[in-house]
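Chemist: Take a look at this one; I'll ask things after.
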Amino acid sequence: MAKAKPSSSAAAKSAAAASAPPATVHSALVTYSSMLALLSLCPPFVILLWYTMVHADGSVVKTYEHLREHGVVEGLKAIWPMPTVVAWKIIFGFGLFEAVLQLLLPGKRFEGPISPSGNVPVYKANGLQAYAVTLITYLGLWWFGIFNPAIVYDHLGEILSALVFGSFLFCIFLYIKGHVAPSSSDSGSSGNVIIDFYWGMELYPRIGKYFDIKVFTNCRFGMMSWAVLAVTYCIKQYETNGKVADSMLVNTALMLIYITKFFWWESGYWCTMDIAHDRAGFYICWGCLVWVPSIYTSPGMYLVNHPVNLGPQLALSILLAGILCIYINYDCDRQRQEFRRTNGKCSVWGKAPSKIVASYQTTKGETKTSLLLTSGWWGLSRHFHYVPEILSAFFWTVPALFSHFLPYFYVIFLTILLFDRAKRDDDRCSSKYGKYWKMYCNKVPYRVIPGIY
């Protein structure tokens with residue numbers, strides 16, 4: 001059946017909608033306040049967290065006393081390490097290695113979801129291969145005495161400082177590129193410099209035809225550095241103490257299992273909000289380049305100098321609980337991906353899936369349909385997959401036990417992040433699907449936690 005061609009006025013409106021960044025879901029005051037707060041507070045917080053974990057015995061009180069004694073500005077200057085040549089070499093060496101793997105390793109062709117402008121991004125799915133090569137290479141360099149990963153830990157403050165400044169410059173590059181050389185029609189300006197810099201100009205920025213910037217920042221640098229640093233902390237504790245505590249083993253094992261799951265499912269990640277809806281700006285790219293290797297790895301960073309002996313029974317219980325949560329998180333994503341891949345012609349928990357057929361209009365005025373899954377994990381709540389993800393983070397943090405609060409910052413941050421993302425996704429889907437989203441919410445009334453929220 002032929003589709004009606006949109007009128008010229010409709011086409012003009014759709015073109016404007018395609019070029020403009022997505023509307024914010026909070027009030028203007030909340031939006032601007034949160035953006036300015038994150039732009040100004042996140043960089044020093046990364047350094048303060050590193051200092052507290054490594055040099056203040058994990059105690060927030062000790063760091064607070066240092067700042068009170070010297071003043072916030074002078075106290076921060078005293079503990080903020082300047083980037084060194086060693087730090088830059090490690091960052092550029094790692095980044096170049098991952099970029100080469102992204103470009104050269106073989107992988108299946110994968111088409112992402114249709115963009116608001118009607119573009120279909122094409123990827124090479126070789127993340128799992130890159131992950132395996134990275135860990136084997138890193139461990140091999142250590143095993144054969146070519147490079148000692150403990151060096152990374154010893155220069156961690158300088159590395160994080162270099163990432164703070166370097167990634168900020170990279171985001172400026174993305175802002176300029178979005179203005180002068182966008183990679184696709186899925187780009188545009190809001191007319192506000194702060195919003196454009198923070199949220200980004202381009203949905204799918206690339207260098208050349210094949211090097212996807214968001215795949216690099218989010219997956220190949222951010223997630224890969226998480227795995228590399230988890231191994232680094234484990235090796236550092238071994239070299240310091242002559243053994244690895246069971247708490248560190250549980251923490252490292254669960255993190256690596258989670259990251260392995262991520263790269264196994266990487267093509268599914270390319271269909272999520274991070275890639276398919278959030279543009280490449282400070283929020284996503286600086287976050288993945290700096291926040292992920294610092295904050296996401298922080299429980300292991302703490303355990304390096306604070307080994308905890310859990311005992312076999314408690315260690316095994318935490319490990320199994322964490323693995324179960326990671327599996328459920330994976331199965332949620334697998335269930336939805338299989339449902340989409342088969343156009344609803346699959347089995348969900350041994351039954352035909354319950355679904356809603358929702359129609360929507362693209363920015364080009366074309367009418368399309370999507371299937372909204374309302375059974376299985378996705379019948380429990382609209383974002384149930386966030387529950388096991390938060391619990392997974394708790395289980396790889398709880399080996400630190402409860403001597404200090406700071407190791408749990410990541411769990412708290414992740415909870416806030418995912419609950420906010422659930423709201424943003426709901427608001428976006430409500431705008432996209434209209435009455436069909438109301439039908440979906442009536443059928444699946446809870447946003448994240450079944451029976452509660």
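A Cβ is built for glycine as well, from the same backbone N, Cα and C atoms used for every other residue.
A TrEMBL annotation is a machine prediction, not a hand-curated record.
When I checked TrEMBL for this same protein, it listed these features:
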TRANSMEM  37-54  transmembrane segment
TRANSMEM  86-105  transmembrane segment
TRANSMEM  125-144  transmembrane segment
TRANSMEM  156-176  transmembrane segment
TRANSMEM  247-265  transmembrane segment
TRANSMEM  280-298  transmembrane segment
TRANSMEM  310-330  transmembrane segment
TRANSMEM  393-419  transmembrane segment
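Looking at the shown structure, what environment does each listed feature sit in?
Modeler: Through the fold, the transmembrane segment (86-105) approaches residues 124, 126, 129-130, 133-134, 137, 151-152, 155, 158-159, 161-163, 166, 210-212, 215-216, 220-221, 224-225, 228 of its own chain, all at least 6 residues removed from its boundaries and within a Cβ separation under 8 Å.
Beyond the ends of the transmembrane segment (125-144), by six or more residues, the same chain brings 97-98, 101-102, 105-110, 219-220, 224, 227-228, 231, 235, 259-260, 263-264, 266-267 to within a C-beta distance below 8 angstroms of the stretch.
Beyond its flanks by at least six residues, the transmembrane segment (247-265) meets 127-128, 130-131, 219, 223, 226-227, 230-231, 233-234, 237, 297, 299-300, 303-304, 307-310, 315, 318-319, 322-323, 326, 329-330, 333-334, 337, 392, 395-397, 399-401 of its own chain at Cβ-Cβ distances under 8 Å.
Here the transmembrane segment (310-330) has long-range neighbours at 245-247, 249-250, 253-254, 257-258, 261, 264-265, 377, 385, 388-389, 391-392, 395-396, 398-399, meaning same-chain residues at least 6 beyond its ends whose C-beta is under 8 angstroms from one of its own.
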Chemist: Let me spell it out: take the transmembrane segment (156-176), skip the flanking residues so only those 6+ beyond its ends count, and list any with a Cβ under 8 Å from a Cβ in it.
Modeler: 43, 46-47, 50-51, 54, 80-84, 86-88, 90-91, 196-197, 200-202, 205, 213, 280-282, 285-286, 289-290, 293-294, 301
Chemist: Can you work out which residues elsewhere in the same chain, 6+ from the ends of the transmembrane segment (37-54), have a Cβ less than 8 Å from its Cβ atoms?
Modeler: 60, 62-63, 76, 79-81, 156-157, 160-161, 164, 168, 194, 198, 282-283, 286, 290-291, 294-295, 298, 301-302, 304-305, 406, 409
